[in-house]
């Protein structure tokens, strides 16, 4: 109210009737009663700011500024009085946090209770055991009449998709094709008992198959059909294992990593895998897979295995040099026909047929291709007569269970860590996406247990690490699947294939498996279109995608993942190291502050600075430099003792009149008095962007406060978060910067700063005895009537 009264008094003094002042000259400060002042100000030129006639095509006029200022005064009059943080806390009763321990200690206590609570009673222990198997809770309440038909259709559809993909990805992993049937049969069944996602399709995945191939080639013999459990000693003393043993041991090790992540509650690691990282890495891995399948596409044989940095370039070089002399033209023709069949069927025929005949599921062109080409290969004798590579004999029946090779686990651990992170990131993201879409809950912690238990049990059989497939999950959703119970029906169909139909696939050309993989990868390559969207939204995400892709393609899959993740983490440092800063202004007729609008009120002598980031050791120097830039830019503006909001008169050039009036005041005031009362500027730091501040940040604030104070600048800290204020109190910050310099909102700081500036102005005006008549006569001011 005091600010309202004093500013209004100045307006009234400059607008008082001319005749009354001639009879009795009145000092500029005047002797008006508060009631009269209020009556005059409550009758502004316009009733509301909305009624001000403005020209939207240009800047606001002087009349617009006057009306807006009057309306602003009316708004401020209805609000609570401005106050500092100490007064605010005392009046409204600030409550300190009631917990006695720091955040880290509380998290450790909560973590320990999670594992000690189950041992407090037998029932608590039983509940913990049952919580690992969600199937026990949801299956007794399974709505048979509502979901059974949908799950049967969904399970049958999934089996049709899993069979060709499983066989193809098993060959990609460097294993026998029958492993693809095993990985399509066992993991979905095991996951049904432990998982909480109703739609994730667990099994074979191209990227994981390629990552597994590196480890399998490193520690196994080069015969994928070797199913023995015993290793062999090479001439150089190196001990090699059958590929199936390395694959299952790798799956077991991945399960160990997932269980460790579940026990330690490390599911937060998945949050570091942004969409840009996953998309760029997946596209880069898909490029590796695509180039690898060119051998089977052209029927090239005898090409060397390439591993390590730049292996993709070496593979491409080997293929280019081998094409003129080793290409199998029959295999190439079969591959081209298969590509045309799949592309036409999936991209053109399926959309039309599904829409025209309203089919619940699309036509399984991959399965039809396998059936047709397997039969044609048998009839046309493609293998014996044209040297077309075929799958060969497939073992009949279920494989025997065996334990992993324990001595291999330490060697495979680096591969398992990278694979487990990729598996977890893809699986958790898909589980959250579809649970949100269909309105059910998933437990990320339980999903890690589910992946671990599923990998453990599956590793008893010859297969490789499992993963959720995006393509199959989409098919699962489109087929209308309701729950995990659909896995029973998909596994049943695959079991029949393993027991009875598997040997019939022996004449299937290997190039068909390569074509199925290559066509399935087209969806991953479409992710490159995201770059067009990422560029205008976030340059950081754009370059994260590019770095993820380039590192994966030109280095290798596993190192590429590490480089992609490291670069993504670096971008978070970049974002906080070079944040933006703004000099805010108050919008006309409001108590809002912004930096991008033209209709603003004059903050004469008051600077509002905002830094949009926490203050850390990474950006402390930038913060201090930005404050210095804002201060220097602000100092270039000549400070005025009287501003437009103080002088409400109608003249030809109002701004010129105000500057002339200020020069008169400066000329009649000693310099030491001017600095003492008006020379102080008011610098407000908007702390709303400071989510937290580290040790160097606290010292930076102390330094800025001290330096600005020496430059005749009062520093205000506004809108600081409660957590930051508590931290200041705990570290003794208020011993260096009084808490009275903190304000609960930006409005409080601005109004008190303006109040102090106006009080100093009135003091000087009274000291020099400024009167209205001499000023009016000198500058030809006409009063507003």
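Here the Cβ of each residue, glycine as well, is placed from N, Cα and C on the backbone.
Curation does not apply to TrEMBL; its annotations are automatic.
Taken from TrEMBL as is:
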- 596-753: domain 'STAS' (DOMAIN)
- 167-190: transmembrane segment (TRANSMEM)
- 202-220: transmembrane segment (TRANSMEM)
- 240-264: transmembrane segment (TRANSMEM)
- 276-298: transmembrane segment (TRANSMEM)
- 327-349: transmembrane segment (TRANSMEM)
- 361-380: transmembrane segment (TRANSMEM)
- 412-435: transmembrane segment (TRANSMEM)
- 447-464: transmembrane segment (TRANSMEM)
- 484-501: transmembrane segment (TRANSMEM)
- 508-526: transmembrane segment (TRANSMEM)
- 546-570: transmembrane segment (TRANSMEM)
Recorded stretch that, among 202-220, 240-264, 327-349, 412-435, 546-570, has the most CB pairs under 8 Å to the transmembrane segment (276-298):
546-570
Relative to the transmembrane segment (484-501), which of 167-190, 327-349, 508-526, 546-570 accounts for the most Cβ pairs at distances under 8 Å?
167-190
Looking at the transmembrane segment (412-435) and the transmembrane segment (361-380), are there 3+ C-beta pairs under 8 A, with each pair at least 6 apart in sequence?
no
With pairs closer than 6 in sequence left out, are the transmembrane segment (240-264) and the transmembrane segment (447-464) joined by 3 or more CB pairs under 8 Å?
yes
Averaged across the domain 'STAS' (596-753), what pLDDT does the model get? Just tell me the whole number, please.
78
